[in-house]
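Pulled from TrEMBL, these are the features on record:
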COMPBIAS  1-20  compositional bias 'Basic and acidic residues'
REGION    1-23  region 'Disordered'
TRANSMEM  44-65  transmembrane segment
TRANSMEM  71-92  transmembrane segment
TRANSMEM  99-120  transmembrane segment
DOMAIN    132-321  domain 'Inositolphosphotransferase Aur1/Ipt1'
TRANSMEM  157-182  transmembrane segment
TRANSMEM  194-218  transmembrane segment
TRANSMEM  309-325  transmembrane segment
Amino acid sequence: MLLDEERWAGSRKADARADTPSDLSAGPGLRRLSAGLAAPGPRLWALVGGLILLDALWLAIAGIGVAWTGLFAVLGAVTVLLGLAFLFSAVMPEPKLRAMALSSAYLTAFTTAAAVLHYLGATLAMPFADPALARVEAAMGFDWRGWVGGLAAHPDLSWWLALAYHSSGPQVGLVVIALSAVSRVARLWAYARLFSLALLASIAVSALFPAIGPYAYYEPQAYPQGHLETVGALWHLDALQALRNGTLSTITLSEIRGLVTFPSFHACLAVLTAWALAPVPVIGPLALLLNGAIIVATLGAGGHYGPDVLAGTLMGVVLVAAHRFRRPFSLAGAGASRKAVPDRGVGPLPRPQTTG
């Protein structure tokens, strides 16, 4: 059993294949099962497979291993989540629980593969982009040292901004739960696609233009002293240096640290998360405020230059705009396709009342 939005989206894809013999011979149970495990789309699952293959080849070439305990933990979690998705699709139909399980499985698998790839990107040891980023920041008229100095002078503000910054990851889980709960599954799958594009773009750009970050580059004398406020400031440097000079022999998944400076993935994710949660009652307006604070906090708590945050924010806006621009044409094409398919005696699926 699928949610109305997802069933409508699935029917658009099925119309083009509905006149084939295989479609006519396939039983409804098989079609329901395949649809129940296909989301957010076979191409995205293929992307995960491609990333895993790329990681494996690159790890072998670089002579780097991955701690088995972390791999088994991720594999076990994804397997359990896919099993729950199967259960809530074919055995005990619970569309909302199925959406939670399946999206969690995909995001876990993709993020893990991408995290390993972003570490491997650092082995390219491209020249640091900090001088260029500092020049652009100066041209923007932004004083990063003055900013963190101001945060140091207002520790309460600094602490609250840092707390907002560290809510970015948990909010991904909130998106999964909230959108599944209110049956906005099409929007959930769109979020997963945009999340994937944003993370891959950030990894690719940062591999070509790595940076140590403003805390290490500027070496400010005045900055927030709390651990929560500065945990992202310098903690990545050991891993970055080890990857660049080839001394890191094993990657431990639980100890992976974010190496992406430009563009800021946190800023981009804040835009995507605010968009995803916007239609959810009560949560939507609060998410907009919280993610606005995250973008601001990324400068200090995230240890990012002004250009990092600007580029990440713009990337998020462009991705959302591209999704919204593309969607009306997809719906129009689906409508034309449905009209062109001859009637086989099966009534059309009702169009959903809600949209993604």
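Glycine residues also receive a Cβ, built from the backbone N, Cα and C atoms like all the rest.
For the domain 'Inositolphosphotransferase Aur1/Ipt1' (132-321), the model gives a mean pLDDT of 94.
Counting same-chain residues at least six beyond the ends of the transmembrane segment (157-182), those with a Cβ under 8 angstroms from any Cβ of the stretch are 96-97, 99-100, 103-104, 107, 151, 188, 191, 195, 224, 226, 228-229, 232, 266, 269-270, 273, 276-277, 279-281, 283, 287, 290-291, 293-294, 296-298, 300-302. When each of 71-92, 99-120, 194-218, 309-325 is checked for Cβ pairs under 8 Å to the transmembrane segment (44-65), 99-120 comes out on top.
Listed as Cβ neighbours of the transmembrane segment (99-120) (distance under 8 Å, sequence separation of 6 or more from its ends, same chain) are residues 3, 6, 37, 39-40, 44-45, 47-48, 51-52, 54-55, 58-59, 62, 64, 66, 74, 77-78, 81-82, 84-85, 88, 172-173, 176-177, 179-180, 185, 188-189, 192, 195-196, 199-200, 203, 206-207, 239, 243, 251, 253, 256, 258-260.
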